[in-house]
């Protein structure tokens, strides 16, 4: 059923169209195939929800689903299932008159939990059970809604129904029975029966939950299997995502995702598409962790984890589910008048229909179950933080005990974290998750101790202290995992900065800086000749530099070999040339170019961004001993490779960014000084761009920034793992190793530290720009016509997260906008242009830069986020094929990887040929010109052979 929100915020376009005895009024919700209106029953004036489906938009399968929904709703009569009042069909529409749920859906309820007190029907609930500042709903409210959802699911299960689309958007809410009994303001909602507003379970003073939208439901006995892909991806069971046959246990997964979202405020897994979502689920290895700031009792966490098992046979069974203490037991923590009115009688009777058993409900209300032993708010808090005082022998026997080393939330040795599909910018996503082993290593680095929960008041309980310590570790690990999710990128920034600060402040590295360096030279490490450090110094703040137009000190001369770009950074001239190559195609596509100073012309070009790396590289001019590369040096190479690729992707994103947000007038001028543009014109960000162009540019810039962030994150994770290993081994200072090995370790430590500082600065900068682009995208989407697919009103409900503070909140991207596709197309275009220029012998150095940049882009496309230390890239396409035969990598299937590898190999070949040609030209130009014979003239007489004296 279409998601419905309170009319104050979503009502529009009054209709006032008559359908039978009902009148269609304003729109209150919109789904994929139907629009929901507020309607009025004319004889009684009662409110109904009218789901209007345009038959012309439905194919045969969707029509069949609609008729199935109608038949199912006609046969279901349960207080926690939305009732069907009437159904009318015309030549063009089918109108379903259903119960009106004025509080909207559970998704809206969770999202707006901080504003619920503004609704008069919810004021008392918030007063008694305030919502947590961080996380989801109050534990009492979570248990209340979960009981009512379980009652509806049990009713369906007894009739062999599988819903197949359980999600917060399909869980609708009405005011509590107590509030409706005493409130007489305004028209009432039409009731299917008197029992339809009397809850089977839960608390009378809290809102009542009703399950809706049976468009995908079907009768499926426990022995049958279905194989139709349906439902909402974020809440789909893994077996459905794998296109496997499934049974009723698929609903158990969806219930677990809803419970997790009620507890934490977010789904357990988020991704841009179902392929990436499935990979995240599978790589999570059934380790469901909860954020550190969410406080819930053990039994609630237990049942959530038992729902969220990737294999259906590992999940909790339906009998176990319906008999679980969370479902059958009392709700702890009730206050005030809720204590004696708690309704806890389960609805497990196969014939628990309200219409068939009204007397049972009356007996339940007349003889409430005695209140539990522990009913005070203080006892609830004690249970929340680990003191599980037994309420009754039955409940205590069913309470799981979590002990260190045996927690379902602890990472296992086989964990492989999900990585963001660099191909697709997430609707709600994503920075990449890295390997769990890195998470375990990297979590403690630089994290302030004060961030962990403290339970000093119970330090005298050794057993509880041990449990709490285990919980803290699990929660810290979850923080790191969440930080690598794109929607929680701010936490990742905290981790990146903390780790960089720790390395910068390390006395061991400070001591290592005073040890003389072993003369060595890698063929790929060439710094600027006039720079003692071999690279450019880091400015105090690149953000200030860009805002004020400050120039950086000029450093001349590009490195000797552009081919070394993959291992180290570039000089300013190299970076400018790369930027020039990157923006070349944009001139043709968008008609927008940069001023000369932005493409490297002039003695002191103003840098768009800090070229990589801005830290000391090994001194040039020394020759090494050509020994095999050691492990430390390999780590250095991998970190610098990943950082360099991120720099290329960042440069591509900057092309889009500068078209969206032009430079200030102080920076936007050429060698002749400020141009004659008016300041107002220069600051008009949307000058010359249509709204659709702004949306497209914003989406492209955002996905490229996300890709750059993923590569930066990988560099930091590799450095974090290396740092932890060195801290354990204590070999950075090299005091107990041979001289050359000691010097190598020292140099590796210095270079990794420099790389970490560069990554930290770049990460913060990219994060800030990604947020600016996100805001611009959201604003531009609102300016689109209402009938445009990109307008917020036409976004799918499951992907629509508006008003959040994270980098991707409120972002819905157009289909097909992926980082890989953009990078692949740009690499092809750059290489083709370079090939044309090469054949014409024009701008050969520029051709070399274009080839190199294209190679780095394609390498970034193929980057495997699942390998901290990747295997060496094979020059053979056949060997690369064997390496990626295992399936998809970062959402790219083998066929696509094969195509990219072929293009990559061709460009490498062209680069190799170009370098040979340039070397031949250089040798030819360095040769002295041949000396021409000089002729002597004496008195005008020309010497002849006859005049030559004989020998």
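The count begins at 1 with the first shown residue.
Here the Cβ of each residue, glycine as well, is placed from N, Cα and C on the backbone.
The stretch that Swiss-Prot tags with region 'Disordered', taken from the ranges 277-309, 310-342, 343-375, 475-507, is 343-375. Residues 514-573 are the range that Swiss-Prot records as region 'Disordered', among 214-273, 514-573, 574-633. If you count neighbouring Cβ atoms within 10 Å for each of the binding-site residues 28, 34, 36, the highest count belongs to 28.
Secondary structure at residue 30 (ATP binding site), as computed by DSSP, is strand. Straight-line distance linking the Cα atoms of residue 28 (ATP binding site) and residue 165 (active site, proton acceptor), rounded to a whole number, equals 21 Å.
Around residue 165 (active site, proton acceptor), taking its Cβ as the centre, 21 other Cβ atoms fall within 10 Å, counting all chains. In the three-state DSSP reading, residue 165 (active site, proton acceptor) counts as coil. Counting every protein chain shown, the Cβ of residue 30 (ATP binding site) has 18 other Cβ atoms within 10 Å. Rounded to a whole number, the distance between the Cα atoms of residue 165 (active site, proton acceptor) and residue 30 (ATP binding site) is 16 Å. Restricting the average to the domain 'Protein kinase' (22-327) gives a pLDDT of 86.
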